[in-house]
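A.B. asks: One structure is given below, represented as structure tokens, and several questions about it will come after.
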Amino acid sequence: MFKELALIGTTASGKSDLAIKIANEKNGVILSLDSLSIYKKIDIASAKPNKAELASTRHFGIDLVLPNEYFSVGEFIKEYKRAKDFASNANVPLIITGGSGFYLKAMISGLAPKIANFKSDLNNAEIFAIAEKKDPKFAAKFSQNDTYRLQKWYSIYRATNEIPSEFLAKNTSAPIIKNLKIFEISTKKEILNQKIAARTAKMIEAGILDEAKFLFENYSGAKPLGSIGLKECGELLYNTGEFEAEILKREFSRAKKTAKILNKTEILEFWEISPQNFEYFFNSKFKNSDDFELFKIAKLANLITIHTTQLAKRQRTFNRSFKDKISASNEILEVEILKFLS
């Protein structure tokens with residue numbers, strides 16, 4: 001009997017590794033939920049499965065369009081239907097996994113009308129107070145710390161002049177998937193932060209700067225170039241944002257004052273690169289870099305790590321909206337998923 005499940009979790013939690021392991025054991029098919037992996041040419045920044053992994057397991061949702069081509073949630077739903085048809089015809093399980101909870105939410109809750117974001121001077125507490133008065137059904141489900149949903153609620157309220165929960169109930173399309181079993185990888189923050197830092201170091205060693213240079217030269221202005229990893233690389237390559245010459249000069253001067261001798265180890269420590277990740281900066285790719293060049297690369301790693309950690313926090317908050325899920329460690333989830341598929 002055909003079965004499908006969703007495996008969710010924050011970025012760097014190990015979703016892809018676990019999904020591939022289970023898919024190989026059960027001869028299953030994987031549908032990637034990653035919003036960057038849909039793009040061709042974006043391999044390192046998306047942490048896309050490598051060639052061997054793609055060859056061992058049939059994947060959908062990967063390398064669908066070029067970076068400058070349009071892709072919508074509607075297109076993703078079509079890809080889901082292709083993946084489901086393939087898996088059900090082969091009578092093998094379909095594992096839906098990735099960090100883009102928005103795609104999954106649209107499929108299990110229905111697709112809501114697109115409403116432009118309304119720029120407001122109100123803070124979360126003020127919007128929440130309005131929601132409590134106008135739409136208590138919504139306010140009962142979310143806290144005033146949930147910036148994403150509060151802004152979405154207020155945008156709908158201003159655009160339609162209706163109670164948002166009632167507007168969405170009337171105008172949201174029917175769910176594409178019903179009764180989907182959802183498994184969530186739960187990782188302690190300290191461990192996840194270490195994984196994020198290690199993955200960032202590996203991305204830099206793998207050549208994310210070269211990948212970014214190619215993308216900015218060939219697809220300048222494309223939407224995915226504003227994503228975490230590529231955005232920071234673009235700033236370094238073109239000396240903008242956090243990598244403006246004057247900012248770097250001041251920071252480098254401060255680092256030299258902090259350390260008596262500014263060697264490579266002290267540069268990495270200045271940017272909080274952990275000792276276990278030093279190896280990625282001491283190999284052949286960077287061993288001939290001068291101190292200032294390494295200083296910039298270390299800052300790049302620091303910024304990507306910080307921004308990815310912030311993304312993980314947002315993903316964790318968003319994933320709370322998925323009800324009736326099983327949340328556990330990778331090891332426990334592996335057992336639970338195999339039990340579900342048996």
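Cβ coordinates are placed from backbone N, Cα and C, and glycine is handled just like the others.
Below are the features I grabbed from Swiss-Prot:
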type: BINDING; residues: GLY9, THR10, THR11, ALA12, SER13, GLY14, LYS15, SER16; note: ATP binding site
type: BINDING; residues: THR11, ALA12, SER13, GLY14, LYS15, SER16; note: substrate binding site
type: REGION; residues: 34-37; note: region 'Interaction with substrate tRNA'
type: SITE; residues: SER100; note: site 'Interaction with substrate tRNA'
A.B. asks: On average, what pLDDT score does this prediction assign to the region 'Interaction with substrate tRNA' (34-37)?
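C.D. replies: Here the mean pLDDT over the region 'Interaction with substrate tRNA' (34-37) amounts to 94.
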A.B. asks: Would you list, in sequence order, the residues of this chain other than GLY9, THR10, THR11, ALA12, SER13, GLY14, LYS15, SER16 that have their CB within 8 A of the centroid of the site's CB atoms, where the site is the one recorded for ATP?
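C.D. replies: After dropping the recorded site residues, what remains is GLY99, ILE185, THR187, LYS195.
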A.B. asks: Around the substrate site formed by THR11, ALA12, SER13, GLY14, LYS15, SER16, which additional residues qualify by having Cβ within 8 Å of the site's Cβ center?
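C.D. replies: Output for this site, in sequence order: GLY9, THR10, ASP17, GLY99, ILE185, LYS195.
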A.B. asks: Could you state the whole-number distance in Å separating the C-alpha atoms of SER16 (ATP binding site) and SER100 (site 'Interaction with substrate tRNA')?
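C.D. replies: That comes out at 13 Å between the alpha carbons.
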A.B. asks: Which three-state DSSP class does LYS15 (ATP binding site) fall into?
C.D. replies: helix
A.B. asks: To the nearest whole angstrom, what is the C-alpha distance linking THR10 (ATP binding site) and SER100 (site 'Interaction with substrate tRNA')?
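C.D. replies: About 9 Å separate the Cα atoms of these two residues.
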A.B. asks: What's the number of neighbouring CB atoms sitting within 10 A of the CB on SER13 (ATP binding site)?
C.D. replies: 25
A.B. asks: If you count Cβ atoms within 10 Å of each one, which of the recorded positions THR10, THR11, SER16, SER100 comes out on top?
C.D. replies: THR10
A.B. asks: In three-state terms from DSSP, label GLY9 (ATP binding site) for me.
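C.D. replies: Where GLY9 (ATP binding site) sits, the three-state DSSP reduction gives coil.
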